[in-house]
């Protein structure tokens, strides 16, 4: 993978382009986390603070963002397609979001089509008042619930599972918002970290397994909810604690109140947050992400050593693991592939002559670091393998004597249904091939993956507890920690909206 | 009024600007019809036909427009703020609206705030399938119904009364779309001409009094529903007949099927359609609009004759009546006021010096037709009177010896609650003053309005039947033909959304 | 013609569209005046005043506009493609144009390609200071002069003849701006009304024959130069006098100074200004334009009477002549063709079915005024004849019993080289056919043009003085009042720029 | 410096923002190279190739770009403000640039104001034909020459020194383009790498000292001129050789022809290209830039050793030197500061509370790598020192026990007049303070710069030859290798244009 959430935190996935000039075309060759959420309660100009928080979470979703604020009388909503730094930084936008409490959401896009109608937070007026909600994760029984709600006359304005949650709140027979909210989430399956805003309260919630992260911060007495700690850092807020798996926190002017509506279960945080999704400067569950990645590189160097001249990261997502690998192996770490961070839209290649000349829009090998050398490339994962194939070719053309690939995660063999955009299982290289066959496919002299136990050790566990795994690692193991109702029920459920587009 | 729907069919209301450079500022000094609707069933590239139909109906609403099409499998929606000719004429937009059936809507804005979320048609997926709807009129019990629906858990995505209709359809316990639709409209009060589109049917409906117009056309065998006949003319379609008051027409590949779910009542078409709203080249209920306006001018000349040198219309809405007046009075008709059709946004007047120099952005008197003459100005109506005041001043400054004003409608004394944007009653000049006082206020030598009976005669009735008026003329008489539940119930109903804006 | 400069003053030429959905396609079927100029000296926020003046002159050119202001120290320039009311009405634009003197230009486009580099005013720094210039007209020896200047090393940044004037000023060996300016214009042939701005002076000039109009106004002591009086009216300025043919006026804080560098010649104002170009509320040389057009209609009624039921103008350019015709003939004047002033970009017609259904985007016949009647259509001119053909067809389809066409100008047989965009001679219908053949071509029962003497009488001359015509009427007579050096010299001169486009 | 041209090649300079939310505000605290140039001759769709070349050179200037192509008959120009990847990647833009030869330019902005009129390439038509030119560098006698040209009647359309070169070509009395071009450049002083395009030839030229780089490439037989080799790599072109200092190369279908119009001088390439400007994967004069930067880090470690726990680069410009330093010092290299590559416009901070909360928009210290440690920060240079100050503060707040700063260049004490945007001398921290005082100012425990000889050694020279320095190092030494006529002559020359803005 050529990152989003890694060392640099930036606009796009990989695109090697030996054969294409389209920076988007290879996007599918990595995993994309779908969302980041952020809320603050009790701070003047709350929407400006949310803007900064979302800017720090942009690596979790860069296609669109939205903010809802409340000024004591009315809610205000702004939703825009594009980067936070382009769309929420005009004074006019900020002026339309008054109030001392606000929540926001930045999204990639998974469930639900594109278009502004799917941009969160969502807002609804119930008999009891207004409520806005932002969601990171994926509800695995959303379609089933949606069908039930439609039967009783609910109308859906979007294709997002988040709207389903709003409807469940609306039809709850409880009279106050917190009991309504709890009513609703107890109907849900899957992964969710939620931030909600009513007229008087900000609510945070995490699914019983805590698959997606959510933490609590404090800025001069104003409470914050955020997907990652880097969103606290950007504004100088203090980290308070994680929202616990299965916890509902209710924030008012009087402080935090905590509810545990679910039976206690052993947590299953997504381990891929450490591998790739989270920003390297974030800390989740007391584990620093950069440090975890370096340690994966160290495990990898121990498990799959190689006699080589130079360790080169696939920028930027492979860099921390490459540093760890180089330190462990006592080999020089060099920036042998240079990444061009200026990226734009699809480049036009009018003639096939140009399309076939092997344009390197984004990554350029630095020949002087490669020529005649035995190179170890370190990357965070292999998805379809096409990107790896192109990078290896680049490095070979730059004169490498040998090319070895080391991957800072186990082979990814299964799709994710918890809020990450992954190809179907059949598209995953590791689901189709042995490691040896993969090495042939990407044309390396050797290929090594860190083991699942090595990965667990890197995040300071003694190893994977097969009886009761400490993390969700379904993409590596195929063991899904929740039921997948909509998946099992595909024959019965209309999975696509009747609406093709909604401008 | 300086029109929209009159002789010329164009982007804006009046703005005389003795003291302002803002073309929008005086907008409030006329009535605005809120919507035009158009649908076609069974014609290739239906959305392109709808675009043309809406272009012809642009005078009924020019702020935003939307189209929903169905291609046999999926519905597609496009909604844009701006003129049809600017927003729906790109190939990419058309390409996103495939199918042989489509409905569209162009809107001014009355009920509901601004913002794309209120732009129609609205679409929803019910248990039984998808349905889109476009509405011209106003539901006078919408808030009351909305409150009931929220109590049972319905979520509203907009502030439009049209969404209320969708929800009523959704919660109907009938299983098929036509009975559901009829269930829904029997809950409604007020004025509505509706066009709906399901997967297999196009539905048209008009409220029991037929307050807003709706007609049926035929284009090479494809049925059309349209607010006015001018939308048939633009595409060369044949006029079939009006949808009758209280009728529900269901159009399928097999033809038209007709339902009459309401008890038969004497119809009450809005008479202001003839005065100002409709395009002069449209024909409603067998009466040509231009001809009706001319006949109003003739009645006016008979009822309020004046010894004068020249008849000058306030362009463009006063022109047909002025022609009729001139022919009846045998006086010369001259274009003594020239209108600049180039209009843009607010002009900036950096210094008060410029603001006070009496800028004539839109209307300029043609001094050579006015100087030394006894002038009769003919306009269609007086709302607040401020525009009339400025026009009279312009004409006096151009050297008129006398200025007489003749108005082609009775004094407008009451607000409209049937889909027309009118000021509150207290703002209407005629509700506060006698005709003499109005003449003083606008500083004319004489002022005359056509009588209510004269108006009825102009549209070929023998006069107004006080027992059972042949039209809705509430704006002149204060006699509202339906109950106004939301108005009576204002204390109980939250009339404003909790949502200030929704970007 | 379906106007620009006539009764309504508006965004576009004709497009009848029996066979096209493109509002621009028929544009070529009328003449377009190319420019309007406006300047003011000694008024705070001068650029805001210029904006208003250009707004009133928009009918003379609506593709692009520019303003140059001077604030005592620096010149500022803004140039935008689009309507004044859209592009010059933002505060930010006004703020970038400080100063108490400014000149502006609105353009259609004739000489020179499109693109911002050809948008006037043009500005240059000479050894002696800065100078800006705006031009209405066309220099008939511009290419010849340009070639000479290039030989001596001058570089041209645009393809506009106006830049040639700037270069001539730059290479003058005089040391002060007025003598340099006079040096330059004495090298010019053709038609020009110029407004220039130096650091201390505003300069106005008109070619020796005064082919294009230019008048002087006064706003509270600040002098104005404007193409037409309607640009004085919009801001309430007083008309002072015309700039005389061959006169150079120099405006400073001390007043107006006048130079006559040319030998006196009998003037030759373009008579088409009265027929079509100028706004009807303007007055040129003591003749009101609307009144002149009505009088043309009266002459036409005398010269080409017809037994008919109704007089219908082709809106909007034919309206004043139609009123005059109807009054003279004592026949009813009716608005039998309704124009839709909402115009946008090209409408997409995805299928040929739609392209061929005879869409009436802009003009719709009002059947109730036409059916069964003998109709006289009055238009201002016939260029290619294609538009007339379509209008006649529309009127016939609406049921007219007879259709007669009367044209308020003589047949247009020759191209204009004085700043008007006309088709080549071979494209002009009247250059290829007799009046009878034209009648057949456009399929009317009779066709009549006002005679050249009738036209002269309408503008209050006893008739055309063949020895020394009182106007430039080359488009009707082929008698060009100046030499046409570039035309005669086409073999030698590179008439097209080497530059295809210049973004 | 927090770079442009270093490890990552990206949109912006530094902005630490302890006190500001404006990403642009600290821009001035680094040097900006002003331009990159690229041309290709004899390749179908040449403009598409130029687009790719400019994309690879974006780090040399990211504000605007332009391309001129020639299709055998006409030149075409496109100029846009913004990133290449946003502005030149639409098909419509490419379609407007036909031809098999094209040149392009990407610019930051130094000489000349902003606005499209200063965006290169510039184009002019001479008596002998058309010519386009793109320039990297700065002409130090441009104003003096411009004044002379204005005296003889030349008009300047821009404030760019590049237009001066065009005028010199235009006034040359030679008849053919190459002699004219040589005539022109022999009048120039300063630094320039030029690429020109006539109807038959592409011309490249470098000033006699070769201050700015320019190289020749070959793509399947089509010759290329480019500022850096990374622009050859992106399209897979072969590096041929550097254009030599003082050389004029003329490229036609027949190959390359070489002219040496100047007396031979020892070359003086800008040494800052190695320190910061050039992309790390480029090779200039046989020296790889990344390798040179690593070697500077090694020299620095030798010259200014420090007892520490961790080496942390200031991302991204300090990274290669930090790697070299760490390897030489045998200390761990860690990414202790994480850079957010998502950058947008100015963030709005509505209240001062937010402005003062120490927002970290771009750089975030990774506390787990810093806390309790003795940290060595490695950066490429110190300009004003304000950025360094903020970074040091961030690192201290993250818990560093000691903070040492090592700079991979000597103190920058003088402004550059050769095409680099630098603050005035008085603003340069090193011109005002000793190294000790600078250490106090930025609050580090120790501060060290590489020596000038160390820098020369890093680029594989034995040391600086004081008699005849091998590079231009004026920013470090104040020894300017050319005369600076405009600087010496400031009293006489009007250095600012009379034109404030030119929209």
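The backbone N, Cα and C atoms fix where each Cβ goes, and this holds for glycine too.
Computed from a predicted structure; not experimentally measured.
[4Fe-4S] cluster is bound by C:416, C:472, C:475 in TrEMBL, and the record lists one more residue there from C:270, C:304, which is C:270. The candidate list C:292, C:317, C:446, C:451 contains one residue that TrEMBL assigns to the Mg(2+) site with C:379, C:380, namely C:317.
In this structure, the C-alpha atom of residue C:35 (active site, nucleophile) lies 14 angstrom from that of residue C:270 ([4Fe-4S] cluster binding site). For the pair residue C:380 (Mg(2+) binding site) and residue C:475 ([4Fe-4S] cluster binding site), the C-alpha distance works out to 14 angstrom.
Secondary structure from DSSP puts residue C:475 ([4Fe-4S] cluster binding site) in a helix.
Listed in sequence order, C:31, C:272, C:422, C:474, C:475 are the same-chain residues at least 6 apart in sequence whose CB falls under 8 Å from the CB of residue C:416 ([4Fe-4S] cluster binding site). Secondary structure at residue C:416 ([4Fe-4S] cluster binding site), as computed by DSSP, is coil. If you measure from the Cα atom of residue C:317 (Mg(2+) binding site) to that of residue C:472 ([4Fe-4S] cluster binding site), you get 21 Å. The average pLDDT computed over the domain 'Glutamine amidotransferase type-2' (C:35-254) stands at 92. Taking the Cβ of residue C:475 ([4Fe-4S] cluster binding site) as centre and 10 Å as the limit, one finds 29 other Cβ atoms among all the protein chains shown.
Close to the recorded [4Fe-4S] cluster site, the chain also has C:211, C:271, C:272, C:418, C:420, C:473, C:474: residues not among C:270, C:416, C:472, C:475 whose Cβ is within 8 Å of the site's Cβ mean position. Cα-Cα distance from residue C:270 ([4Fe-4S] cluster binding site) to residue C:379 (Mg(2+) binding site): 19 Å (rounded to the nearest whole number). Sequence-distant contacts of residue C:472 ([4Fe-4S] cluster binding site), defined by Cβ-Cβ distance under 8 angstroms and a gap of at least six in the same chain, are C:191, C:209, C:211, C:268, C:269, C:270, C:271, C:418, C:481. Take the CB of residue C:380 (Mg(2+) binding site) and look out to 10 A: across all protein chains shown you find 29 other CB atoms.
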